[in-house]
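**Student:** Dropping the structure in here first, questions after.
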Amino acid sequence: MGRFTKNIVLYLLIIAAFVIAIDAFSGQSANKSELSYTGFIQQVQQKKVESVTITNDHGIKGKLKNGTEFNSYAPTDETLIKTLQDNGVEITAAPPEQPAWWMSLLGSAIPIIILVVLFFFIMQQTQGGGGRVMNFGKSRAKLMGEGNVKVSFKDVAGAEEAKQELEEVVEFLKDPGKFTTIGAKIPKGVLLAGPPGTGKTLLAKAVAGEAGVPFFTISGSDFVEMFVGVGASRVRDLFTQAKKNAPCIIFIDEIDAVGRQRGAGLGGGHDEREQTLNQLLVEMDGFGANEGIITIAATNRPDILDPALLRPGRFDRQVIVGRPDLRGREAILKVHARNKPLADDVDLKIIAKKTPGFTGADLSNLLNEAALLAARLNKKVITMAEVEEASEKVSMGPERRSHIVSDKDRKLTAYHESGHAIVAHLLPHADPVHKVTIIPRGAAGGYTMMLPTEEQNYKTKSQLLADIRVALGGRIAEALILDEISTGASGDLQSVTNTARAMVTRWGMSDELGPIVFGEQQEQIFLGKNLGHERNYSEEIAAKIDSEIHRIVEEAYKDVTKLLSDNEKFLHDMANALLEEETIDAKAVDNLYKYGTTKEPEAEEPKVASEADSSIVPEGVDAKKTTSTVADLSEASSNEIK
């Protein structure tokens with residue numbers, strides 16, 4: 001129980017004791033005896049009663065002639081007054097009883113007391129505790145001392161450049177003479193920018209664990225709350241505390257909550273958040289000296305930060321913490337696998353190859369899911385099977401094996417996924433097929449997984465055209481074999497449209513329109529940007545853009561239709577294999593293409609194979625025709641858009 005709550009309880013107990021004491025005191029009767037009504041009438045008839053006072057609740061307060069006072073209670077008796085008069089008793093009628101003064105005072109004070117207590121309670125909750133009700137202008141930053149943070153730079157992997165930048169900051173704080181002797185100045189601020197989950201906050205924790213100096217940590221959203229002026233006051237208080245503890249480090253997580261561009265959006269530019277930002281700008285690089293204070297901030301939206309915040313003198317360094325490459329992913333997996341028992345068949349390098357685009361948080365979640373799966377199966381070690389399943393679960397969602405799928409839907413899904421896989425397998429510029437399944441997972445009824453053979457920072461025009469053709473493979477397979485199309489290709493068609501439009505309007509891959517970017521990026525008001533931009537091209541150009549997009553998709557559709565028609569047996573074989581086995585891997589896809597079955601036939605005596613050797617071509621398919629079709633498609637996907 002907090003100090004504030006204890007005080008409130010104490011005050012309430014004191015008030016209750018006071019009320020009880022007064023009530024007990026006022027209820028005492030001083031030298032008054034109780035007299036029954038019969039006894040009272042007898043006393044009256046014996047002429048021993050001097051006077052009575054009758055109250056409005058039938059109560060009787062009387063006085064005997066010997067001076068004794070008494071109380072009695074009279075039932076409804078119409079002859080009572082006459083009896084009293086006949087016996088010479090002085091009669092007085094008492095007015096209605098008024099409550100005691102203290103009762104009136106207490107009745108008026110209780111609502112006020114309740115309101116005051118409620119106000120104090122709300123203020124205490126608003127400020128998150130701390131024992132002081134009116135401390136909302138104070139900084140809520142947490143001071144991390146030595147030993148409080150167990151994370152070090154050894155726990156950070158996959159972001160070597162960012163780690164090196166921050167290691168230099170820590171080294172300056174530990175040995176400033178090394179830098180000052182040659183005239184170097186430590187950066188006043190370091191901005192960590194990158195996608196979510198790449199390790200920005202982890203790097204800050206590593207700095208806190210390694211620095212050996214006071215480390216203040218606060219979130220950008222902690223500056224601004226419900227009162228005007230609180231944000232600026234908290235910024236001042238934060239830097240005041242930092243100056244007292246210099247040299248030190250201030251870490252502001254999610255700085256975009258307070259550092260967004262000023263003067264943008266609706267409603268003008270004078271609001272509480274902007275005043276907080278102005279105060280932050282002054283504290284970081286104003287007239288006052290902040291020697292020995294280094295500010296580190298993290299955000300995944302550097303594009304919406306105010307330019308004044310990013311200039312040298314405030315955040316001198318902007319460190320990009322991007323998604324890790326192959327080597328980085330392997331290093332991250334090794335860090336997260338330290339406390340997990342892995343079986344001998346687990347190869348972290350293979351896992352790293354199969355997880356392009358994964359962030360550090362994704363990889364940590366992957367190994368954790370693998371550990372949970374192994375525990376669910378009562379295993380003592382984590383095998384490669386659990387890691388593979390966890391990888392797909394993180395990417396696509398959990399399997400839905402209990403989901404009831406009709407035979408018609410299973411057949412449609414099998415041909416749909418076979419269409420994707422066959423086009424990807426036959427086109428040279430498409431990513432190789434890794435796995436095909438018709439088991440529902442997440443929101444998908446089935447999926448075809450393709451993995452690049454190497455890390456890719458860019459995509460060529462040929463690869464983009466191949467991606468369009470692979471995406472169309474599912475819809476075209478449905479139309480060719482089932483003579484029907486379904487809504488299952490909605491996501492594929494969206495991907496096709498987006499890629500084709502980007503090729504024409506963003507990447508300048510159209511010979512008709514040339515290397516020009518059409519249309520400015522639309523920024524949303526809540527991101528701190530302008531409300532929008534006008535289209536920067538004419539209606540004639542808009543018509544040409546639509547025509548080019550349509551032409552790209554139409555050509556791809558025709559090419560894929562021809563490819564799948566020429567390899568119809570391959571399509572049937574793969575669909576049947578999926579219906580039977582539900583999941584096939586890359587080796588099975590290759591065997592289906594060569595032998596018409598998922599398993600490689602037993603080795604026979606070697607023989608010289610001609611260009612159109614029927615032993616490696618599916619039965620019923622013209623080898624020359626198949627070879628020429630693939631070659632034609634390869635050439636088509638490489639040609640420039642005309």
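Even glycines carry a Cβ here, placed using N, Cα and C.
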**Student:** Say Swiss-Prot lists His416, His420 as binding Zn(2+): which of Asp325, Asp344, Asp492, Asp511 is in the same site, per that record?
**Tutor:** Asp492
**Student:** Looking at 45-90, 597-642, which stretch does Swiss-Prot describe as region 'Disordered'?
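**Tutor:** My reading of Swiss-Prot: the region 'Disordered' range is 597-642.
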**Student:** How many Å separate the Cα atoms of Gly199 (ATP binding site) and His416 (Zn(2+) binding site)?
**Tutor:** 38
**Student:** Does anything in the same chain, at least 6 positions from Thr198 (ATP binding site), have a Cβ under 8 Å from its Cβ, and if so what?
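**Tutor:** Result: Ala159, Val321, Gly322, Arg323, Pro324, Thr359, Gly360, Ala361.
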**Student:** Say you check the Cα of Thr201 (ATP binding site) against those of the binding-site residues His416, His420, Asp492; which is nearest?
**Tutor:** Asp492
**Student:** Would you mind checking how many other C-beta atoms are within 10 angstroms of the C-beta on His420 (Zn(2+) binding site)?
**Tutor:** 28
**Student:** Enumerate the residues of the same chain, Gly194, Pro195, Pro196, Gly197, Thr198, Gly199, Lys200, Thr201 excluded, that satisfy the criterion Cβ within 8 A of the mean position of the Cβ atoms of the recorded ATP site; list them in sequence order.
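**Tutor:** Sorted by sequence, the hits are Ala298, Asn300, Val321, Thr359, Gly360, Ala361.
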**Student:** Taking 8 Å from the centroid of the Cβ atoms of His416, His420, Asp492 as the cut-off, which other residues in that chain fall inside it around the Zn(2+) site?
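**Tutor:** Residues close to the Zn(2+) site, other than His416, His420, Asp492: Glu417, Gly419, Thr448, Ala471, Leu472, Gly473, Gly474, Arg475, Ala477, Gly488, Ala489.
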**Student:** When the Cα-Cα distance from Gly194 (ATP binding site) is computed for each of the binding-site residues His416, His420, Asp492, which gives the smallest value?
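**Tutor:** Minimum Cα distance from Gly194 (ATP binding site) across His416, His420, Asp492 lands on Asp492.
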